[in-house]
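Below is one structure, written out as structure tokens, with a few remarks after it.
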Amino acid sequence: MRTVLPALAAVASALTAPLFLGPYGHYLLCMAAIYAMVALSLGLLLGLGGQISIGHAGFWAVGAYGSAILVQKLALPFLLSLLASGLLAGLVGLLVALPALRVRGHYLAIATLGFSLVIVHILYEWDGLTGGRQGMFVSRPSLFGHELGSDFQAYYLILAVLALFVWIVVNLRRSLGGLSLSALRLSDVAAQSCGVNRAGATLFVFALSAAITGVSGAFYGAILGQLSTDSFTLVVSLSFLTMAIVGGLNSVVGALLGGIFLAYAPEVLRAFEQWQMFIYGALLVAFMHFLPDGLASLPRRLARIGRRGDA
Amino acid sequence: MPEALTVRRLSLAFSGLRAVDDLSFEVCEGSVCGLIGPNGAGKTTILNCLTRIATPDAGAVSVFGEDLLARPVHALAGLGVMRTFQNLELFSELTALDNVAMGCAAGHRAGWAAELLGLPAARRAREIAYARAEETLAALGLQAVGDRVVADLPFGTQKSVELARALVARPRLLMMDEPAAGMNTAESAALGRAIRDLARERGMTILLVEHDMGLVMSACDRIVVVVQGRRIAEGTPQEIRADRQVIEAYLGQAAA
Ligand SMILES: Nc1ncnc2c1ncn2[C@@H]1O[C@H](COP(=O)(O)OP(=O)(O)OP(=O)(O)O)[C@@H](O)[C@H]1O
Ligand SMILES: [Mg+2]
């Protein structure tokens, strides 16, 4: 009961929110759902798997350009391009996971960062395919041949795909596979002695995380209507990490809160444009220090403080 | 009786220090073998080699006739080899029940795809693993701590949880690294009886690293003594107790 009621309330507000908003509000909702997918994927990788990535903007770019190119140049239906961009980003995720089999911590962070810089550089240079520095136009998302011309319509498709990812992640977290990933994070020696294949599990969690982020990227390009490599910088990777940690790495609720945070933060921070990077960094550090389980853990925290106050 | 574990000419050096030095011994199926020696003798390193956590420089190990060194560390659970650790290796943020369920999770898993889709096979696998974990915790009298995070439990209870995690897999070969450390005499006597029961009633083969000589002498069928990575003696508890070399190198100092 305690989780069912809030979940129903969340679903109801996600479904009805657009009715009370204008086009710009619809656009922000789309962005929140798109970001929430990335937060969900980072929760899997970092929260459950204990593997750091500061290169998720790279997977996002693979998905965004992959889908755009498939739709634009090969006239693939948008839904199929979503699937393809997920698979493509997942495959790239496998490649990036290879160093994770050998190194962790700072080294892995640098390896994932290096990967995303290389990806963005390739996309920039390959102007025959990507438009290079001019960037490229991207068609609107479509569903069975019907163009979703407004963000109001697109939002419901994004929400449906987000719900699918939430369902997958909840299933995984509740399964013995999810338990094995946790075990590996907490003691890889003991986990392996219990029969967990470390290489297999690491490759899997990287690929899945990258695939989810890739699909998110495909939506991002289609909602924005254009792509340039400026959208996939280190700052973006860092803002992804910030959102995932601010929301909370260890729950689906945290991912959703993180997505909302990153969609609306620029609205609030617009006046401080050049300070954005600094503010994200400061938030990241502050949350890791004072609220390591993110906003999602706030109700539990407050309840505990309340109880202590009563006693 | 057939041999459960055969170790042949095992060696491992850490930058010149010979932690394991040309060591050979075997353990019969269903017996309890003690592995003793002074601090730094190489006992934990030997267990690490026998569980594929460390890779020896030379030598051969076979478990139930299988060449162990040809297998990766995660394949051992499937061969029926489980262990405990001297400095606890629990999954600290998880509950005691989660920890124990992990001991048999790999054998039941339905695969990533089934788990992502939440298929009945994945759900059943989880139910079976957790049911077994509850059963094992109860058998060790630990049912009350099942939902506690292990990091919050007292050291002795943590050790028991780690033992439960190894036992839940119903191993054929169990290796324990100083299970009695920190126990009082009564607790260590109870542990000794439990170890004997595992061997006699379930036919489990046990390799026991331990400094508590009371426990080793009462629980073991045979004992291997190592000093500086070398085997200096091997025999029944009576033989080992009477061995002049062992008394000089280890027992004398342990008694002092
Ligand atoms: N990873 C390592 N790197 C370098 N030296 C090591 C390593 N592990 C163990 N040693 C050394 O190898 C020797 C054997 O250590 P080991 O831990 O196996 O001894 P032990 O018999 O288990 O001792 P204790 O009874 O204190 O647990 C020691 O001298 C130790 O310092
Ligand atoms: Mg030791």
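From the backbone N, Cα and C atoms, a Cβ is placed for every residue, glycine too.
According to TrEMBL, the protein has these features:
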TRANSMEM  A:26-47  transmembrane segment
TRANSMEM  A:78-98  transmembrane segment
TRANSMEM  A:105-124  transmembrane segment
TRANSMEM  A:154-172  transmembrane segment
TRANSMEM  A:203-223  transmembrane segment
TRANSMEM  A:235-263  transmembrane segment
TRANSMEM  A:275-292  transmembrane segment
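Using a cut-off of 8 Å between Cβ atoms, the transmembrane segment (A:235-263) and the transmembrane segment (A:275-292) share at least three residue pairs, counting only pairs 6 or more apart in sequence. The stretches the transmembrane segment (A:78-98) and the transmembrane segment (A:275-292) are not in mutual contact, being linked by fewer than three Cβ pairs under 8 Å (pairs 6 or more apart in sequence). Of the Cβ pairs linking the transmembrane segment (A:26-47) with the transmembrane segment (A:154-172) and spaced 6 or more residues apart, 3 or more are under 8 Å, so the two regions touch.
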